[in-house]
Structures are given as structure tokens and as C-alpha cells.
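Visitor: Features from TrEMBL:
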DOMAIN    11-204  domain 'Lon N-terminal'
COILED    190-227  coiled coil
BINDING   356, 357, 358, 359, 360, 361, 362, 363  ATP binding site
DOMAIN    592-773  domain 'Lon proteolytic'
ACT_SITE  679  active site
ACT_SITE  722  active site
Ligand code: ADP
């Protein structure tokens, strides 16, 4: 122990709670316990000295000897102040360590005999080194703990007594009383410094750990707090904007909708992610709208739903017959197609392409296919589509982006395996915005279309179970690679008799039903229908016919309602009253034989048409002019006809120099562009020769054929359509190239009965049949 061997002296004892006083410390103490107050009073009346010893436990009100540490500090009581609450505040100054030897009184207050333990000087260099280490560790401690001010460090650095240094530093540390007591009890200064160093090291480690934990906790706190804060702010903004529910209701609804749906995993996950994003958007934000739109699309598409196919061929046949008159070939082919599907159990193989003029039932045939298979039906028109994005959609970053028409169609269909009609595939165009036909090729390609990618939808969509059917008016505008994928079924157009059948059996009953008429309420006899077909329509199909019949039904319905009559019968003579004056003249296009005017036949996108060609010659210098919309297309034919005429001039009784003295004007009135330009060759030549010779052309003759410079007649296309057109217009004789003779077997008998077909191989024969000696005499 300490060097002093003092025997000790008597001190009043003040037990301290949760507090420890080192020598050289000056501090205030509030004293309240009665015994303590008495001890203080005792000290004051004697030499102001009192022994301060800490209690081992804070909350013991009446400590016994065992509860009080044996070593404490003798202190000088400097001031005493009675506080209003009865406690006494004293200012004490620690003097020296002391050790209790024995208690002499415990009744009134604690009185002990204690021995003072004065500090020994210690100047050994090891102690100085220790002091320095302790100081620097203390500095670290201050930096870490922030509980001790840097000024304290300055004050502490000035202390040069090692023992005091240890005491003062310890007093600044937040340690347990037990640890502080240990420093107090370590009388040997070097040991005390070492112990303190230990404590400091330990504290530093703890502090560092604490700091790390704090940082982590703080970061987490900051994040959740930030989010919380932002969410609250968002709510406030939404509220401010008058949006009561915000996104919450919407998002919840979408989530529950999602839960109920059976979706491929990728789709499910994507939707979930998008809903999460949506949740964070303020209700009125534009981007929120975009996300919502996207989610709606994903939710609306039939990702997994398929309908069950009915592959009963007999039933299919029945359905097709129920819906359409005639069309034997296409129907037969459709049934074959279905039979193959039934065998291979897969919708692969060529895509049907229905080709024909408007109104011949291409669309409704496709619809029937769907009905017979019990599949859903959807139709999109490709007419005028010139942008790849119309097929494949726009990326979502685009303002107002939408999926392409294919995906839109699939949404409408609502199943993965509809019959999907791509209408007017020949009317697609391509320009700088990309080639829609390339995108379409992917749609139709069975190797790729199970993962069709739409720019908007992003997730690949399976089109492999779709049955695609396409329609076109003409083949020549369909891009080759597309055409290669398709199997073409021609629907050429109807004869008058066929139209009559279609009208009686299909169109009329259908229109009556649509107009709410009972079958017996409207009667339209055959003659009346024929009149409508002949004088109110001129077409290959039956679309206008259907419209006219619809008009009749409307008028009939009206007069039944207003006149309160039971039913109405319309005869041929009444048609005028219902549909107005006839739009077309039935019978011969020309009522009289004419000079220089000849009827040709053209094959156009909308079927066959008659085409009047007029030639006039006037004195001039041999100019050849072509006018009318078709001028350019016919130029070559006109040149050929002109050259032929020159070479035959003498034979035909024409002035051989006519090409120098006369101007020739060929006029071809407007009309649809023929698919086979040169087929007007013999028509132009006939008109020219008629005009030069002033011989009349038989009014009931129509003709078609290409001409060579030497007058040979070359074959043409579309004979059936052309014949139907000529028949429609009432011509009695058709001149056709001999090489087309075999096409005559396709011509319906009803036409053959009315019209004489004359195959010709040379221009001489044409003139023979077309020109008459005298007008009106045949
Ligand atoms: P397209 O698609 O070839 O232009 P649509 O399919 O629109 O022609 O046909 C026009 C109308 O004519 C439809 O109401 C259709 O039902 C009817 N139609 C056409 N051909 C027939 C037919 N052979 N039998 C019965 N109705 C027909």
C-alpha cells in the first residue's frame, strides 16, 4: 500500500450514490439523507473535512458498512447552502485518498477512522510514456464519443502529475461506479495509468462498434423515414389536387384482378412490377396514365384462353352452305383445309387467301369458317397501312403509343385461337416508316409467330394457334414473299342468275330480319329483284345489291308502320317508286350503231367492266393524242393499233397518207385501272378503223384482246369477269382471243345462253364481226 503509515484519524462519512469524487476534483453535491446531513454538520463544526465514499449500489437508502466501498476521498467542504426543499447543496474539494479502518458510529451518522493514502511522486520515464499514451488515447476517445468537449482535453494536457492525470481523465469517462472505484483504489500510479489505458482501449472499441451500429441504424432510419415522408407528402399533394382516393383504390383493384387471372409467369411478374410502379405515381401524372394503359392492355389480352375447335367436317359443310350460295370451289377447298387440320391437329400450313372483287363474300366466308369451327372471329383491314408500327405497335416511350393492329385484334378476339381475317392485304403500302409487309411476314410465319413481338406489349405473344385468312382484290399487288405463304382461292364474281339466287335465298331474308320484318310482310318477286340487279347495280359482287334490298326493306317497314298495312308486295314496276330512277341502263350500252365508238372489256380490281373507247379523226398533221385517265396505260396498245391500221390502209380503203393529213384523238373515259393494260388493243384498232372508214360498229358487240403490229390477236386475262360484265351490260356478242377459248368452260351456262362467244385470232375477223355496212342493219 501507500508509503504513509499514518494510523488514521476520525472522519464523518458521507456515502455517495452513483457518484465518485477523486482527489483534486471540485464539485457540488446535493445532500438529502438525514444521516448525511448530520455528517456534514459534524464536519462543519470541526475542520470541514469529510470522507466521501461511494455506495456499491445506487438505490440503497440506508447503506451498511458492506454497501460502502472502503476506499474513498477526503474532501474539504467549502460551502453549504440550504435549498428550499430541505436538501443541502455543498461545494466539496477532493483532497486525498483514504481507507476506512473501522466504523465508530453508525447511529446518528457514520463516523469512521480512516487512514489517508497520499500520492507518491513518480517520475520514472516509463510513467511519462504511459502518460502520453493515455493522453492520446483519451484524445481518440473524445473524438469518438463527442461527450467530452475538446476544451477538457486542453485542460487535461496541462496536468503533469501522473496520478492526478489518471484521476481527472477517469472522472470524464462514463464508466460504471465499480470501474471508477477500481481506479480510485489503485494507489500505485503506474498501475493506475495502465489500468486506465486498458479501460480507454476497451471504451474505444466499444465506441467504434457503437458508431458503426449507429450509422447502420441511422441509414435505415433515414431511408424509411424519407420514404415515409415522401409518401405523406404525395398523399398531401393528391389531396390538394382534389383526388380523394389517390391511386390506392385503383391499384388495389388491379391487384385483385391480377390475382384472379391465369397468366404466364413472365406476364404476371411484369404486371406486378408495373402495378408497383403505378402505385408510386401521383394520380394525375401523365406517366401514371401510360402505365395504367399498359397494365390494362396486358390484363386484357388472352394469354392463355383458347376455345375448343369443332372439327366436324359435315357440320362445317352445313354451316358454309347455310351462309353462302354457290362458291363450290372455295367451300370445297376450305373443307379440305379443315380436314387436314383435323388430321395433323395443328393450325399450320398455308394461309388461305381469298381473292376476288368486292362484295363476293370473302369476308363473310371467313366469318363462316370461324362459325363452323366454333372459333372466335376477328377482322382487321390492312387497306392503307403503310407503317410497320401499325402492325407491330409503337414503343411505349412514344406519346400516345398503342399496340399494333395484330395485338388489338387479339384483344378483340379474346382467345388465343381465333380466325383472324387480314382484309385487303393487297392494299398495303410501304414507305420510309418501314415495310409493314415484313412485319406481316413474321405474323404469318409459323416458325416465328409463337413469339410475335409487339413494340408496345414487349412480352412475346403466341400467334401460333391463330388461323389467319387473308383477302385481296387482286394478286399483283401482294408482295411476293407474302404470296408465297398463301394458298389462293379465287372468287370471280356472280352471274345475274347467281345474284338472283343469292338475293332470294340469303340477302332478302337477312335484310328482312334486320329490319324487323316478318318473312310474309314483304314480298319481292323475281322480276322485281332482277330489275334491281340490272338497273340499280352494276357490280361483280352483291354488296350494292344488298344495300338496295336494305333500302327496299326500310321503305317497306316505314309504309307498313305508317299505313298500318299488314304486308307489302313490290313488283318490278314499283321499284322506281322505292329506289328512284334507275342508275344504269340495262340492255345495250349504246342504243345505236356508232362510228368510232367501240366497247372493250377490262379486268379491274373490282371485277370486270365494260370500257367505251372513242376515236375521232380531224384534218391535221398526223398527231396521235390519247386522253382520259387511262391514256398512259393504253399508249402501247394505241401505237400497235395505229401501226397496224397504217399497214392495212389500202386494203381497208383508207387513204394511205392518213397519218400525215389527219390528227387522231383516242379518248378512253375514266374507269378503274385495268389489270391487263394491253387487252384493249383490238378495241382501239376497231374504233380507229371505224372512224377512218366511217363504217359503223355493231352496238351489241363487246371485245377484248391484245393486238400485234401485224394484226394477230393475243390472249388476255380475266375472261370470266369480263364476260360477266358484258352480260350485265346486255351485250350479245363477245369477241375473244382464240387462245382464250379454253377459258370458256368457266363461263356459267346462264351467260353462255344469252351471249355469243366468238373466238378470233386475227384483226380481220374482228372487223368482220364488229363493223356493219349500214347502221342498224346486221
Ligand atoms: P367481300 O368481303 O368479298 O367484299 P362481303 O363478304 O362483305 O364481300 O359480302 C357482301 C355481302 O354479300 C355480305 O352480306 C355477304 O353475306 C353477301 N354475300 C356475298 N356472297 C354471298 C353468297 N355467295 N351467298 C350469300 N351471301 C353472299
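Easy rule for this one: first residue shown is 1, then count along the chain.
Glycine residues also receive a Cβ, built from the backbone N, Cα and C atoms like all the rest.
Are these features on the surface or tucked inside, and what are their neighbours?
Guide: Confidence for the coiled coil (190-227), expressed as mean pLDDT, is 86.
DSSP gives residue 360 (ATP binding site) a coil state; it is part of no helix or strand.
In the three-state DSSP scheme, residue 679 (active site) is classed as helix.
For residue 722 (active site), other Cβ atoms within 10 Å of its Cβ number 32.
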Visitor: Return only the integer: C-alpha distance in Å from residue 362 (ATP binding site) to residue 722 (active site).
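Guide: Cα of residue 362 (ATP binding site) to Cα of residue 722 (active site) measures 20 Å after rounding.
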Visitor: Given a 10 Å Cβ-Cβ cut-off, pick out the one of the binding-site residues 357, 359 that has the most other Cβ atoms nearby.
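Guide: Going through 357, 359 one by one, the largest Cβ count within 10 Å is at 357.
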Visitor: Cβ under 6 Å from ligand 1: which of the recorded positions 357, 359, 361, 679, 722 qualify?
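Guide: Cβ < 6 Å from ligand 1, in sequence order: 359, 361.
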Visitor: For the binding-site residues listed here (356, 358, 361), which one has the lowest count of neighbouring CB atoms within 10 Å of its own CB?
Guide: 358
Visitor: Taking 8 Å from the centroid of the Cβ atoms of 356, 357, 358, 359, 360, 361, 362, 363 as the cut-off, which other residues in that chain fall inside it around the ATP site?
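Guide: Here the nearby residues are 354, 471, 491, 540, 541, 543.
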Visitor: Within a 10 Å radius of its Cβ, which of these recorded positions (363, 679) has the fewest neighbouring Cβ atoms?
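Guide: Minimum Cβ neighbour count within 10 Å, taken over the recorded positions 363, 679, occurs at 363.
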Visitor: Three-state secondary structure of residue 722 (active site) from DSSP?
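Guide: In three-state terms, residue 722 (active site) counts as helix.
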Visitor: If you skip the near sequence neighbours and keep only those at least six away, which residues in the chain come within under 8 angstroms of residue 360 (ATP binding site), Cβ to Cβ?
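Guide: Looking at Cβ-Cβ distances below 8 Å from residue 360 (ATP binding site), excluding near sequence neighbours, one finds 491, 492, 493, 494, 540, 541, 542, 607.
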